[in-house]
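Undergrad: Structure provided below as structure tokens; questions to follow.
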Amino acid sequence: MTPLLSSEHRLTPEQQAVVDQPWDARVLVTAGAGAGKTYTLVRRLDVLVEREELEAGEILVLSFSRAAVRELTERIERHAVAAQRIRVQTFDGWASALLHRAYPDVDWGTYSFDGRIEAATEALDKGAVEGGEYVPAHVMIDEVQDLIGVRREMVEALLDRFQENSGFTVVGDSAQSVYGFQVSDPDQRAEETDRFLEWVRATFGEDLVEIHLGDNFRARSDTARMALPHGSELQHLPRDRTAARGEAERIHGDLRALLLSTPNFGSLDDPFVLAALRDSPDSTAILTRDNGQALSLSGTLATAGVPHTLQRSARERSAPVWIAELLASTGTTALTRERFEDLLVGLPVPVGSAPEALWRSVRKVARGRGRGTLDVVALHRALAEGGLPDELTAAQPSSLVVSTMHRAKGLEFDRVLIVEPRVLKEPAPVRKKKYDYDPSAEARLLYVAMTRARDDLYVLDAPPSWLVRKDKRVDRWYLGGRSTWARNGIELIGADVSHEQPPGTEGLRQNAEELRRHLMADVHAGVEAELVLLHGIPVAADQSPPYAVVVGGRRIAVVSERFRTDLHRLLRRTSHSEVDRWPPLITGLRVECVESVAGSPAATEAAGLGTHGAWVAPRLCGLGRFHWYTDGPEVNTG
Ligand SMILES: Nc1ncnc2c1ncn2[C@@H]1O[C@H](COP(=O)(O)OP(=O)(O)OP(=O)(O)O)[C@@H](O)[C@H]1O
């Protein structure tokens, strides 16, 4: 294999000191944004494998989000020589894999994300994974400032349990703690800030090597650098809660004023602005405060035909189509590497992916019994359980990304457009309400957003999103109206297309094989999609009637039970009332991708697809708009 060794930077003495620590050292690296933390980690991985002679399998790299996993994996591929075989995992992915190994008979799929993390912590504490491959020689963790709650406890259990035989390198910046979905209670959040860093310092005391990286390499312009001085202020907020809030409000105000002093990019209603985004060769991110704004802006871009991706939640994964196609193309239960590569030739693998890297990825979850073979049954199981390696399931990058600030952490772009942040205001005392926001969290979030750019930072006009609201009962965004009850649209999520049976079979009466070919050849990411009511009869008392997914005038799938249930809840005014009308048409959606789905062999057999139990299905995204009245041509029934 020819090692990739492109664009190596000369390390600073501090970066070099991190890289050069022996494998069993306990290293804590702190730094501001863009100080090269992730880059240093990748170089350290190289040294751990090459000079310290650790096997790739002895190194455990844990990262926070799938976006970060992808970024780290890509950087390893670009920069690391020896470390190419190292696997980067999310905390949730690692916990699930550990549980499947330790207790293979338990159905872990029925546990919540946090439930699995808690069970993994218990397994570690009980010594259920002592010995064998789950004892790493070195644990490496990026972005430890975000480790809180059950995940923090799991990592503490891990480092504590294996401290005799393992070293670690943990890296973080407390100015960038943004917990997103993890903690909604501001009090708990304040308690968690810096807790892991304090635990590491207290537990490892004098054995801990603490190194601070002080430079910034990301920002190549003054604008891109403007927020950096506030990093150390955020790292050293006063201990006293009230004082910390006051100080954070001030920092947020200062950051906001700095951002507003940058050029205004304008509004996405402006055709020139849209053209500037469409034609740009640079990587660009549009960062929003919440997903409602992201959905609105993504909808505007889609209507104007500007290609982009909507950054999905760290928890949403989707398996590439070539996995189902691979399963369909072989009748055997084990594949040799040679046979695998032969089959790959005819499969739609992502552009630029090396067969060797794909082989390594699938073998991580489906290593065959024979030497150098792939276990096809285990691959099917991994697909069914959502257990494919993160590098296979991360979304394909695109040059224009619309993302919440939370989901952008750890990423970098040439150009960053930030939706104008609101002014933080204390709640009126008459309402006797607690703060409905956490000033420290808001300030850190804005700091994270403003430090993502290499070159340019702009403000973007906020979209008119007062109609876009969140429904807590279904945990989705929706399009509201003037009255509290008005419901004019619904956010689509990854789980909204039925995976019960192959497309074509459920209520569509189409030839499944012919539809499969159509999905593979003609349905592309980004194309418009709509939902069409199939009939008016609800499937169950707590569900809407079924809808067909229509793309390009053709019905290509049906919605899932989850969608039908959520739509029912969204449209029901109270828990006792009935829904008497269903929108015949829902427009404004897009195909996010076509993905692989695993099901039963009986389902594929009944559909005439073979007995391999896997197929491809579209995945939708966007904020759907209800049409309550349709006349002939508006409803496209395919
Ligand atoms: N010694 C160096 N010389 C020049 N460029 C460097 C050096 N170290 C890192 N870089 C580059 O600086 C940029 C920022 O690095 P990196 O993303 O690793 O920072 P980070 O500290 O992880 O950032 P953040 O915490 O803000 O996400 C990258 O493009 C990286 O290639």
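Each Cβ is built from the backbone N, Cα and C atoms, and glycine gets one as well.
Note that TrEMBL annotation is computational and uncurated.
According to TrEMBL:
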BINDING   ALA31, GLY32, ALA33, GLY34, ALA35, GLY36, LYS37, THR38  ATP binding site
DOMAIN    10-330  domain 'UvrD-like helicase ATP-binding'
Undergrad: For GLY32 (ATP binding site), just give me the three-state DSSP call.
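TA: GLY32 (ATP binding site) sits in coil per DSSP, no helix or strand.
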Undergrad: For ALA31, GLY34, ALA35, GLY36, listed as binding-site residues, tell me which one has the smallest number of other Cβ atoms within 10 Å.
TA: GLY36
Undergrad: Relative to the Cβ of GLY32 (ATP binding site), which residues of the same chain, six or more apart in sequence, are found under 8 Å away?
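TA: Same-chain residues close to GLY32 (ATP binding site) (Cβ under 8 Å, separated by 6 or more) are ASP173, ALA175, LEU213, GLY214, ASN216, LEU228, GLY231, SER232, GLN235, THR451.
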Undergrad: When you measure from the Cβ of THR38 (ATP binding site), how many other Cβ atoms are you left with inside 10 Å?
TA: 18
